[in-house]
Amino acid sequence: MSQISQTALASLDESSRKDIMQFIESENSKSKVQMSIHNFTDMCFKKCNANKPITSGTLDSSEEQCLTNCLNRFLDTNIKVVQALQGAQK
């Protein structure tokens, strides 16, 4: 929101302000999801390829399985945390 001045927002009608704010919130959410995916992928890649030299442009079957399992565990954990937080809010 730092790139949109308060004066510019104030000059818009209420509907346009709401649309812009919803768009900004949506983009922020997308950015957070992309950052999480990047962080999980980076962490899992390092875990699954520790002390292994990269010898080709593709993963072998054990590396691929390790990455899949690692990412799935973190996604499952995130889902459980979100569900627990949603349950706590009720």
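Numbers run from 1 along the shown chain.
From the backbone N, Cα and C atoms, a Cβ is placed for every residue, glycine too.
Per Swiss-Prot, these features apply:
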type     : residues    : note
DISULFID : CYS44-CYS70 : disulfide bond
DISULFID : CYS48-CYS66 : disulfide bond
MOTIF    : 44-70       : motif 'Twin CX3C motif'
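Put simply, CYS66 (disulfide bond) is 8 Å from CYS44 (disulfide bond) when counted between their Cα atoms.
The two recorded residues CYS70 (disulfide bond) and CYS48 (disulfide bond) have their Cα atoms spaced 8 Å from each other. Residues in the motif 'Twin CX3C motif' (44-70) partition by DSSP class (helix H, G, I; strand E, B; coil) as 15 helix, 0 strand, 12 coil. Sequence-distant contacts of CYS66 (disulfide bond), defined as residues of its own chain at least six apart whose C-beta falls under 8 angstroms from its C-beta, comprise CYS44, LYS47, CYS48.
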